[in-house]
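I have placed the structure first, in the form of structure tokens, so that the comments after it can refer back to it.
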Amino acid sequence: MAIPLIDAPVPDSVRATAPKLKRNGKSAKDPAVVILTTIVCAILLLIIGFPLYGLLTSAFAPKGLEVLARMVTDPVNHRIIANTLLLGLIVGTTGTLVGFLFAYAQVKVKFRGKRALHLLAMIPIVAPPFAVATAVITLFGRNGAITNGIFGWQADIYGLPGLTIVLSLSFFPVAYMNIRGMLESLDPSLDEAAAGLGASKLRVFFTVTIPMLVPGLAGSFLLLFVESIADLANPLVLGGDYTVLASRAYLAVTGEFNMQAGAAYSLTLMLPALLVFLVQRYWVSRKSVVSITGKPAGATEQISAPSIRIPVLVIVGFLAALIVSIYATVLAGGFLKVPGVNNELTLAHYQFVLAGLGSKAMVDTTILALIAAPIAGLLGMLIGWLVVRKLKRASGLIDFIGMLGLAIPGTVLGIGYLITYNKPVNIFGLQVFPALAGGSAILAGAVAIVMVYIARSLPSGQRAAVSALQQIHPAIEEASTSLGADSATTFRKVTLPLIQSALLTGLTFAFARSMTTLSPIVFLTTPGIKIMTSQILAEVDSGRFGNAFAYCTVLIGIVLLVILLLNVIIRKVVFRGQSHRR
Amino acid sequence: MDNLTAADPTPITADASEFAPALESGQVTLSALTKRYGNRVDDPIAVDSVDLDIRAGEFVTLLGPSGCGKTSTLRMIAGFETPTSGHVTVDGTDMVSVPPNKRPMSMVFQSYALFPHLSVRQNVAYGLRLKKTSEKRLREEVDTALTIMNLMPYAERAPHQLSGGQQQRVALARALVMRPKVLLFDEPLSNLDAKLRVQMRNEIRRLQKRLGITSIFVTHDQDEAMTLSDRIVVMNQGRIEQIDVPEQVYRHPSSIFVADFIGRANFLDATLLVDPVDGRARAFALGLEREVATHPDVSLEGEVLLMVRPESVILTPNPAADSVHGEVGRVLSAIFHGESVEYEVETDTGSIVALVSDPAANEIFEPMDTVSVGIKADRGWLLPVHAES
């Protein structure tokens, strides 16, 4: 299932002829815009603003300050911070490298099976966080099917080595898509120009291709850095003694019941994440020299020289085989009694997940994700539209807050929710709404989970909407206004149909991300609501890998099925007869 | 584009009186209209206190170089920009507080701005549908508009299946069907190729004359402005330089800027001999004392220049510097344009460009030829060097 990540394609006929044309005086007095902006701000405040505020006040409460002080003084904490940053640096580097190799092979190297390789690189996006970790333990752990079963080792993959492998393989698709997009839009005439000036292929690669890619590589590194320091699932399963800030914060909240300490650890984790996000957003993106013209940059010359082709293909092939074996293990593991140890076939795990005690998690998660996805998708489109077209000064701020759901580690967000919404929210002594998270919350905390889903999955749709809108000439919307439509009507009847690809991207990612997110969720599940990812964590914790694999497979299946249905529905029903594709 | 791009053989012919507005409606007034981007006093002014009265049914063109404020002015009339100060009124009603979607105007855009996800018919029907028009009436109106614009055969097509000229016609039909009091055009022809541009502008002019809808047309193309307009408003740096009928703007420009921007002009050193009376005076220029029409600001106190259009310059062989032929010059270059020949001639007064139309083959001068340089009777225009508009 190919998922468009960055740019939703826009038909040529609506491409802006002058996208740099900045309209300064957007008409401001439109009541619809004022109302929509107010709604968006209120939602952003609820899903991101309040929880962050709650976290900050908690971290700076006396008990939290104590922990924060110990961040500076206590060597144990130094170790944890160092571990976290080291993990981010290593995974950022290896993940970017893997992503680059896949992208380079895909765009530049001649071989058969490109589509298969592309799909393979996309799988991790729809897979839940434990799939890779659990499979790696089963294959390469102490009693691993390969390490012990074939080679007879007692391999210790817990700690940094295991985390590096698992996180790199889980997160590299982001780098892959980023770098692939850049490689594809590199104008081949630049290579030709360099070659025409007498540069050898290798020289062209190092003096033209790589420098052009530096912003893309740096951006990918930073994104992977943030993702890996924020990850909670894998350090919990694979970390062993290697404690990072995310797992430390989790322990503080769930093991020590010390909310303020959890908040303090989270805050420490948030600082580098936010810093890197800011650098990525305001520095790296500005350094980009690759211009996306929207015109196909001409046929890229495919490299067939063995000196480049063979090493690239060997490494990529090895990694691809690794990924295949990992997901094959996930798929097969669900049918084995004790995967890797007792390989008798059984349907018990699937029965547990689909029909037994575990099925509630499947139903609950899917329903909540189905509620969150359309809200997040539409909200993303709306924010994109307001930011690109309607707002002047506030646009940067709203765009930034919308993107925070991606920049703030899930652990941080989860703890923030727990602190803020575990009791009724009062403003000036008036109860505005009841408790949304925790044991006593309404609907068993489902509201908070949906909110956190929206916060986490909003940014991808928002990004897609912004880049799609920047390619659509503003005159098309002005024409609608000139013909008597107000802003809301224009958005519904003109803008939304034109950015339907971006909407599809937004919905797809919102659903996939909601289904697979764990780090904020572990703090928010209650006995009344079961979420698949946190159930998987429980199963892995108690060593029932078979159940975990069955959950993972079912989860991947649901995500793929819903994405497929979304494609069909959006393309065939919602904008029926309005297709503008050639 | 596809193979439909070739010149359109189907002009707008059908009876268009359907969409004529009520008589004497659509009078537009701009008073002290000002737009300043940014809030500080030292931010550049895009439109600087523009006053303009447009009569009902008049075709007015805002003409000027890019950045002169013509588009900002149009967008303020349409409501897409909010004026920093000043007023826009239509038939006496102040428009500034009226949102753009409620103004009795329709705009035709440079990029056509057709809705790519709707068919031609749906595009034209878009605005009427928002007005909750009954299905029957909607169909009639849309059919009429499509017929006027000769678009019936393409009604069910998607915009991208049409040629540029057809797309622009859909945009025009979509605007007309709303029965606006005022039609606004934002450089609508600049994306068309040269031949189609001429054809479309003739059609727009014919249609506008028949319908009598007040039209405001923005362009940087002086040809377009000349051929379309009842009056031309020449703008420069946010200010109006001149408002007049095309002939006056061309023959008697109010400033050196206007003279230079519209068409081509020679500016010759001249000496005023007596103060002007009734817009005429005697001046010495190009080796002769002659009577010329003068700008109202011309007086004996200031320096003056004589503006002569290249086509008003007469070149004659057999040089004889006498009282009729003025100064003697030497041909520097001769460029054959087809319908005319362009010469650059060096004289004691300076270098002069001359455009001689349709010369016989044996009457074409060669470089280095010596010629005498004159001016057609009554074609000179005496301008003050520092003309204030």
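Don't overthink the numbers, they just go from 1 along the chain as shown.
Cβ coordinates come from backbone N, Cα and C, glycine included.
No curator has checked TrEMBL annotations; they are predicted automatically.
The domain 'ABC transmembrane type-1' feature in TrEMBL is assigned to A:81-280, A:362-566. Look at TrEMBL and you will find A:32-60, A:80-104, A:116-137, A:157-176, A:204-226, A:263-284, A:312-336, A:367-388, A:400-420, A:432-454, A:502-524, A:548-570 tagged as transmembrane segment.
Count of Cβ pairs under 8 Å against the transmembrane segment (A:80-104): among A:116-137, A:312-336, A:548-570, the largest is for A:312-336.
Taking residue pairs at least 6 apart in sequence, the transmembrane segment (A:502-524) and the transmembrane segment (A:312-336) share fewer than three C-beta contacts under 8 angstroms.
Between the transmembrane segment (A:32-60) and the transmembrane segment (A:502-524) there are fewer than 3 Cβ pairs closer than 8 Å, counting only residues 6 or more apart in sequence, so the two stretches are not in contact. Packing against the transmembrane segment (A:400-420) from elsewhere in the chain are residues 44, 47-55, 58, 226, 229-230, 232, 245-246, 249-250, 253, 259, 262-263, 266-267, 269-270, 273-274, 277, 281, 380, 383, 436-438, 448, 451-452, 454-460, 462-463, 517-524: each is 6 or more residues past its ends and has a CB under 8 Å from a CB in it.
Away from its own ends, the transmembrane segment (A:367-388) comes close to residues 33, 36-37, 40, 43, 395-396, 398-399, 402, 446, 449-450, 453-454, 457-466, 468-470, 491, 495-496, 499, 502-503, 506-507, 510-511, 514-515, 529, 531, 562 of its chain (Cβ-Cβ under 8 Å, at least six residues beyond either end). Note on the transmembrane segment (A:548-570): residues 1, 3, 123, 126-128, 130-131, 134-135, 329-334, 339, 349-350, 352-354, 358, 361-362, 365-366, 370, 500, 503-504, 507-508, 511-512, 515-516, 532-533, 535-536, 539-540 of its chain, located 6 or more positions outside it, place their CB under 8 angstroms from a CB of the stretch. If one looks beyond the transmembrane segment (A:502-524) by at least 6 residues along the same chain, the residues whose Cβ comes under 8 Å of a Cβ in the stretch are 3-5, 8, 125-130, 230-233, 246, 250, 253-254, 365-366, 368-370, 372-374, 376-378, 380-381, 384, 409-411, 413-415, 417-418, 437-438, 445, 448-449, 452-454, 456-458, 460-462, 464-465, 467-469, 496, 531-534, 536-537, 555, 558-559, 562-563, 566-567, 570-571.
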